[in-house]
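Colleague: Submitted below is the structure of interest, expressed as structure tokens.
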Amino acid sequence: MSDERRLPGSAVGWLVCGGLSLLANAWGILSVGAKQKKWKPLEFLLCTLAATHMLNVAVPIATYSVVQLRRQRPDFEWNEGLCKVFVSTFYTLTLATCFSVTSLSYHRMWMVCWPVNYRLSNAKKQAVHTVMGIWMVSFILSALPAVGWHDTSERFYTHGCRFIVAEIGLGFGVCFLLLVGGSVAMGVICTAIALFQTLAVQVGRQADRRAFTVPTIVVEDAQGKRRSSIDGSEPAKTSLQTTGLVTTIVFIYDCLMGFPVLVVSFSSLRADASAPWMALCVLWCSVAQALLLPVFLWACDRYRADLKAVREKCMALMANDEESDDETSLEGGISPDLVLERSLDYGYGGDFVALDRMAKYEISALEGGLPQLYPLRPLQEDKMQYLQVPPTRRFSHDDADVWAAVPLPAFLPRWGSGEDLAALAHLVLPAGPERRRASLLAFAEDAPPSRARRRSAESLLSLRPSALDSGPRGARDSPPGSPRRRPGPGPRSASASLLPDAFALTAFECEPQALRRPPGPFPAAPAAPDGADPGEAPTPPSSAQRSPGPRPSAHSHAGSLRPGLSASWGEPGGLRAAGGGGSTSSFLSSPSESSGYATLHSDSLGSAS
């Protein structure tokens, strides 16, 4: 008891240092949060470690200091409940600190050695799960002495509060020693690997400027809303600073807490007794490491924030004005065809669609009634890359009824000219099992074989909505149909304004794969009248004034349109040989001054419109 009476002399120092550590760690957490726009795994682990230090000096160390000061009075002594609370909280926070430092070093090694795998493996979620596991294991093991896992012959709370592991019990002491020793060893190994890899990369970057870098990838939906993002490679200076900070934290912890706790625990278990110097060593080391962590955070320029930034962060937190960060990293590989810089703004109206003929396109699927046209632009390493997630991909869990899951756009009831674009996308889309069933183009797979005319140039004649096939009565009595709920095949016709003699969508060497079909023979047809363009359909006498009745059948136009369909239109040279130089250039006019897009003009393709 005389040795324990020397402990109250250090209680005042513990309280003062504990108060300073509490304020410093709180400032460190605010500084890290103010310097970062969103929470990242490494910053999250640093803040968790600082919060663990705050709890350690606020609960067990403060409790022990106050009790030691109160013990100077003869009428006060430790009781069983207070001693159990102190032992459980102290060892819980000691183990949590040890595991947090090891997790910090492991995440840094993972990020430095395997940067792509680290960014694609949802490291943020793994860091959260790691912290939850750390606290669960630490609490379960440290709470066992309070419920009976201790030496029953002489309990640790009978004479004062002897919290060294040898006084608690042999089983608890061995488990605690193994956990702390293994965690310290793993932290040292991970830190050494991360430091070596960082220095090697720095030397390699100086020797080779073409070092591999991970691009910053931002995931957005079809409406442009940011869903998630993947951070790119760190700059050389930032990477070196962060690795140096983690190395310093691990080194200081091992020197001030890891190895001293191992030495004290092993010595007490070997001697089966505890000494006053053991309690003094463990408590002072805990306070010292809690004081040094904010100093290291302030020394790193990446996490050093001024008073103004911290004040703005606090005001944003109190006003709940901070944007909600629901972004999560991708949980797997990224399909290369989804990596886009941005989606193309497409125009819609009447019988034309605006296209940029200087870009290469692919018509992915009908989402919301119109094909989405994406420019395939070359990836740039110094810019963010964007992933476009279509609505049906996001609602893939409810693809039984895609019309109920995806809100229909306002222009969908006007299915007349919109279906022309649908059939156009059907012609150039590749057929096969890779087509998504949730897409609106799935109606083409359910059609009878008589409608599957993708290999013939006359399939361009199937551009007519089903509402016109049923006559004026059916068009008035029934709402406009959708591609998935359209009735079976029937005689259909199309406007001649969409039929050029040569289908020049873009530069032919950049055409989609569906347009690269081998040339096939076409049936002979009467020649075009004199004075008319070979690729232009002859205008019937009644075409100047449209009749309100239904359009004529497709067979009535086939004969007049076949002369303009060249048998060699699948070859690059066939674009000029089919209808001369006028038809190809008139199909895509020059870009306008306002938008810069080329426009499909119906008056240059025929006179039926």
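Heads up, the Cβ atoms here are built off N, Cα and C, so glycines get one too.
Since this is a predicted model, take the numbers as computed values, not measurements.
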Colleague: State, for P8 and C113, whether Swiss-Prot gives them the same topological domain name and hence the same side of the membrane.
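Modeller: Topo match: no.
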Colleague: At a Cβ cut-off of 8 Å, and with pairs 6 or more apart in sequence only, do we get at least 3 pairs between the transmembrane segment (176-196) and the transmembrane segment (42-62), yes or no?
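Modeller: Output no: the transmembrane segment (176-196) is apart from the transmembrane segment (42-62).
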Colleague: Between the transmembrane segment (244-264) and the transmembrane segment (85-105), are there three or more CB pairs that fall under 8 A, provided the residues in each pair are separated by 6 or more in sequence?
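Modeller: Yes, these stretches are in contact.
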Colleague: Do the transmembrane segment (244-264) and the transmembrane segment (277-297) share at least 3 Cβ pairs closer than 8 Å, excluding pairs fewer than 6 residues apart in sequence?
Modeller: yes
Colleague: Which residues of the chain, 6 or more past the ends of the topological domain 'Extracellular' (148-175), have a CB below 8 A from one of its CBs?
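Modeller: For the topological domain 'Extracellular' (148-175), the far contacts come to 1, 4, 64, 67, 77-80, 82-84, 86-87, 90-91, 141, 264-265, 268-269, 271-274, 278-279, 282.
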